[in-house]
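Colleague: Would you mind keeping the following structure in view while I ask a few things?
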């Protein structure tokens, strides 16, 4: 029986396998290359990767079922690309939003865009949006327009800098009481000062007339945002399905920015986040693979001192990797953002098999054995340990397969199977390559710790075990600080545009990209639920279809009738209101006259003195600049753009106010209606948070508060919290499964609870130390790095197996154990594994980087427990492991 043979340290690798390989090494390689080639072709032709972190948990969970209901009713809410239009003037943000939406709709069929939705930015809402305000707000708007009517009339006739400055100057000297009484002048002075200062510095700083007329403060750092929501037609046959849509929207926005300067457009939303994640993962895996491969090759050469053997080991590794990728495409059909890490993990884990076999082969050759005999004996000497390693490592990976965490479940299946693939490759392909190579007996470096260091753990056993006990106590004290970070954004590249934009929106509160959705059966229920949610302090605002249907329509229309007498004559819609460029000398004279008007105002008025003085200083500096036409031309054009374009946009919006008319549900634009009412008559209610949901405590309070009103809600905040709980449970489940399966397997093999505990002791210590180190280093578990602890169970037991098996089968004492080739192999293997994991830590993708850092720390602590603490324990209690002669 294989288990009995392993227990008694009798080689269990079938002799006929090694004999068949060595008898026909060329045929073995030919068959291996053919299989690898076919699986490589299949991988390339069927390769796919999923980037949706919310899809990393089982669809059978209740919160996932609720999400599926929402997606079925409102497919437009799912895979969206959001263009965030930002400007320091709301008029310009809205103008850009309207133009961008029009262009994207025009090109939608050819560009593969399913729909384009720009909230409030269409002809319907330009006419009727005023009716959605409260009655007192409509009346206040009409009153404000009546107050500034003398100011607007000359600008409607001549929208130029001289006309604007002349009108403002007349108000200051002669009849500015309307503006002064409205407390508008100090704000106007401050805004004009910022605009002129910007032009003097070569920057376009818009002056928002809309904010001034509404009475807004117009703070310098205030940003106005508008949104264009695009639902692309995703091509899942491509590696990055959203890339074309992203490129289309970005290119269109860049072209439009040349026509409407001073506006910034950034892309975010599910499609952009996934695309950026995929790009950073591609870069991470590519860079990580290259760095890992180079580091492993360098270390192999240091240890083996033979490029032929190094190339054979690397070729075996690549063939095994290709076959494992082929298995992944055959068995699962895709990778995900978690399982894609196996590419780098495989290098660090798989090379261990080639190292152990190669070192054993080299040792046999130095004993002057014939080559085939040395290869066969190397297979017999390492076969048992490598079989144990492959099983225990695979069990560590397979422990995730039955969990609800699909991301790690798929990683477990792929990587666990990969351990058996690399075992098979090491016992067939590698001996075949060595058999065909010229014999190379060059002395390799031993990677020995040195005689003094290698004997230190056993000679200072009490000191080592005492220090280990202190670390145990410290780690236990730090355990309560271990926590789980469920925010998927924390795994992304933090410099990616989509992530930076999303985080900025989180801080705005009611524009948060995360909101909670609730489904209602009719409009009345939607209104009731929205009203209940709006009462919660955790909710900033709610949105449902009723918010787009006006009340008090007759009274509002009656108030708006006065606009016929208030507003100046304007070109009929949709004819644009054009800015008139003035001659240089005329503009310069206009600023000089305006400066004189400011001086008069400062002498005769006490309102806004500091603001007026600041504006006067900037006007004087500008007139000096304008004395040199070559220097002043650019500043003048910037001021024309900054002061007059927002006024043109404002006049166009005022023109549309006179065209408001009553409307009902069926009159709403289809793009809006489909966002909140499904074809099946399901109504959507959205609740937006009042606080930043990137802070876990705020997210928890928001979800709990909304669920108290209705438990059957869904949305990103719910999915993130539930996914975190699911994955934490999966982690605990995988831990228990891994510990149970590995312990059971070792018990079956060794038939000794004492030796099983001895082999598991370094693992237990390494896990405990790792958890303590996470708290000390401020590292939280997340969707990616949570695989580390169960993974360490599989990886780390390999080291214990190699050392304990050598101790049991050899003649070395505990003091001599670290001087053996086996211990050097463990050290060598740990270095190559660490080298492959360290490369992940430099990834731009934070999930990959965090995984690499934690894996590196874990391997280092595993090495400490295996090469320091284990020999010390064996020195103090040598009877814990039976020698081979005792076992027999």
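Note that Cβ sites are derived from N, Cα and C of the backbone, with glycine treated the same way.
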Colleague: Scan 223-244, 245-266, 311-332, 487-508 against TrEMBL and say which stretch is down as transmembrane segment.
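Modeller: So the range that TrEMBL calls transmembrane segment is 311-332.
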Colleague: Pick from 413-436, 437-460, 509-532: which range does TrEMBL record as transmembrane segment?
Modeller: 413-436
Colleague: Could you pull out which residues elsewhere in the chain have a CB under 8 Å from any CB of the transmembrane segment (730-750), counting only those six or more residues past its ends?
Modeller: 3, 6-7, 388, 391-392, 395-396, 398-400, 402-405, 408-409, 412, 756, 759-760, 781, 786, 789-790, 793-794, 797
Colleague: Counting Cβ pairs under 8 Å that sit 6 or more residues apart, are there three or more between the transmembrane segment (783-804) and the transmembrane segment (338-361)?
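Modeller: Yes; at least 3 Cβ pairs under 8 Å.
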Colleague: Can you work out whether the transmembrane segment (757-777) touches the transmembrane segment (461-482), with the criterion being 3+ CB pairs under 8 Å where the paired residues are 6 or more apart along the chain?
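Modeller: When sequence-distant Cβ pairs are counted, the transmembrane segment (461-482) touches the transmembrane segment (757-777), since at least 3 lie under 8 Å.
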Colleague: The transmembrane segment (854-880) vs the transmembrane segment (21-41): three or more C-beta pairs under 8 Å (separation of 6 or more)?
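Modeller: They do not touch: fewer than three Cβ pairs between the two stretches lie under 8 Å.
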Colleague: Sort the residues of the domain 'SSD' (319-436) into helix, strand and coil with DSSP and give the three counts.
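Modeller: Here the numbers are 100 helix, 3 strand, 15 coil.
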